[in-house]
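Student: Look at Swiss-Prot and you will find THR29, LEU30, GLY31, PRO32, LYS50, ASP86, GLY87, THR88, THR89, THR90, GLY415, ASP495 tagged as ATP binding site.
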Amino acid sequence: MAKDIKFNLDARDLLKKGVDELADAVKVTLGPKGRNVIIDKKFGAPQITKDGVTVAKEIELSDHFQNMGAQLVKEVASKTNDNAGDGTTTATVLAQSIINVGMKNVAAGANPMDLKRGIDKAVAKVVESLKKQSRAVGDDFGKIENVAKISANGDETIGSLIAEAMKKVKKEGVITIEESKGIETYVDVVEGMQFDRGYISSYFVTNTDKMEADLENPYILIHDKKISVLKDILPILEKTIQTGRPMLIIAEDIESEALATLVVNRLRGSLKVCAVKAPGFGDRRKEMLEDIAVLTGGVVISEEKGLKLEGVTIDMLGTAEKVTISKDNTVIVNGAGEKSAISARVSQIKTQIEKTTSDYDSEKLQERLAKLAGGVAVLYVGAPSEVEMKEKKDRVDDALSATRAAIEEGTVPGGGVAYVRAISILEGFKGINEDETTGIEIVKRAIEEPLRQIVENAGKEGAVIAQRVKEEKDDFGYNARTGIYEDLYVAGVIDPTKVARVALENAASIAGMLLTTECVITEVKEENPAPAMPPMGGGGMM
């Protein structure tokens, strides 16, 4: 395959065009008055979004060289989204500014490597300033609501719903986003431990209106293998019948003979019982069964521990205040496990989360932690049309990520003001040579850009408002939503520190790589020859 090679100014100019194409499409979404972008889809209705990373991911340019520039800035948005969950548009705006001003300086003869060193030094200083400006969120649900609202483009409903969900499940809890079946957006909190396995037979149902089995104060038998024959569980069933309490059996599976006997006993009313399959698979199943055992104060009956079903005693069974089993889910409320044992299990899972390198494992461990320590809140997103619902779901997702980032590293004044306040830390800061100092100046100019862009998207003059904000101090800034200058912290216009930090670090990293590029290589497009004409038929005339 032949290659096309470009050098120096030619290469950088084409890369810059690609950067501008992508950044110009993304930056219109920034701020409370940012606009929507409509993305054509091969199947179904077009997608409407205000999510920067969603726009960036859709862009592929026909020119190979320009496309490389676009893909590099797409990487800025994607990495920022992966690390902080929000701030993708801000990162794109910062990258575009650093690249544009940087390339002008390279064209004027500045050394690209020195520029990059200056940029890196300035970014480290700005990050230091952001950390100084940062204020912890703690349990201030007002701040959590404000962060979520800003990230959801000023949607107060989303802000209050996320704050409500956080309040209910605490920091250790898990909040998931689902599509609502109606047009309402609401939060549903599952108290206690829920796992996605329902009753094995509908004959176990006690509430026929809801098709659920409700067990009050039941004993819970936890077994990690199949229960095939009745004689294995007969001793413990007889002991449970004597107590008069219901029983929940959690096992890998319950086969026909044992299941038929349980159903008959249930229908006769001699034993209120329900059987469900164990959640998870493989090693994860063992861990989840141990979690249930710790939560309910029971023991996992496992041959690995030398325990057999026929030898089970009442004190090996777990208990809970209530268990509700539907066709697909089981919820255990107020398990009788000891607080100290649950705390120890929670600490163990937290340690595993810190050590794991897999995103999937981390997510699953986080879910287990939530089920033990906090709870699970489901945020159901509804809208009149599917197109609007998907757009809203994108904003809810951003808001949730921003909220988690705020809890992690605190908050700074929003509206681009935190970056503007960081300019003072760069005043008088010099590099070891003129080009390094130019790199510092490039960052100094770039960190004004998010504020300017927010203002431009609100239909005002960016340069004028940026100058006014620079003249003031602390949290004073321009609220683009209301169109007035005010204390942004008091007005609730705040951003997560982590989002501001990660956006700048990623933007500077990719911009630095682009500025130090001297040669670009791409494949030559092959001209596909037109297919040969099919032979003409004689039409029967010879």
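Yeah, the Cβs are placed from backbone N, Cα and C, and that goes for glycine too.
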Student: List the same-chain residues at least 6 positions away in sequence whose Cβ sits under 8 Å from the Cβ of LYS50 (ATP binding site), in sequence order, or say none.
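Tutor: Listed in sequence order: THR29, GLY34, ARG35, ASN36, VAL37, ASN153, GLU391, ASP394, ARG395.
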Student: Give the sequence-ordered list of residues that share a chain with THR89 (ATP binding site), lie 6 or more positions from it, and have CB atoms under 8 Å from its CB.
Tutor: VAL26, LYS27, THR29, LEU30, GLY34, GLY52, ALA77
Student: Sorted by position, what residues of the same chain at least six away from GLY87 (ATP binding site) have a C-beta under 8 A from it?
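Tutor: The list for GLY87 (ATP binding site) reads THR80, ALA402, ASP495, PRO496, VAL499, ALA500, VAL502, ALA503, given in order along the sequence.
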Student: Give the sequence-ordered list of residues that share a chain with GLY31 (ATP binding site), lie 6 or more positions from it, and have CB atoms under 8 Å from its CB.
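Tutor: When sequence neighbours closer than 6 are ignored, GLY31 (ATP binding site) has ASN153, GLY415, GLN453, ILE454, VAL455, ASN457, ALA458, ALA480 within Cβ distance under 8 Å.
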Student: Could you tell me which of these binding-site residues, THR29, GLY415, has the fewest other Cβ atoms within 10 Å of its Cβ?
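Tutor: The binding-site residues THR29, GLY415 were compared, and THR29 has the fewest Cβ atoms within 10 Å.
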Student: How far apart, in Å, are the two Cα atoms that lie farthest from each other among THR29, LEU30, GLY31, PRO32, LYS50, ASP86, GLY87, THR88, THR89, THR90, GLY415, ASP495, the residues recorded as binding ATP?
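Tutor: Largest Cα to Cα distance for the ATP-binding set is 17 Å.
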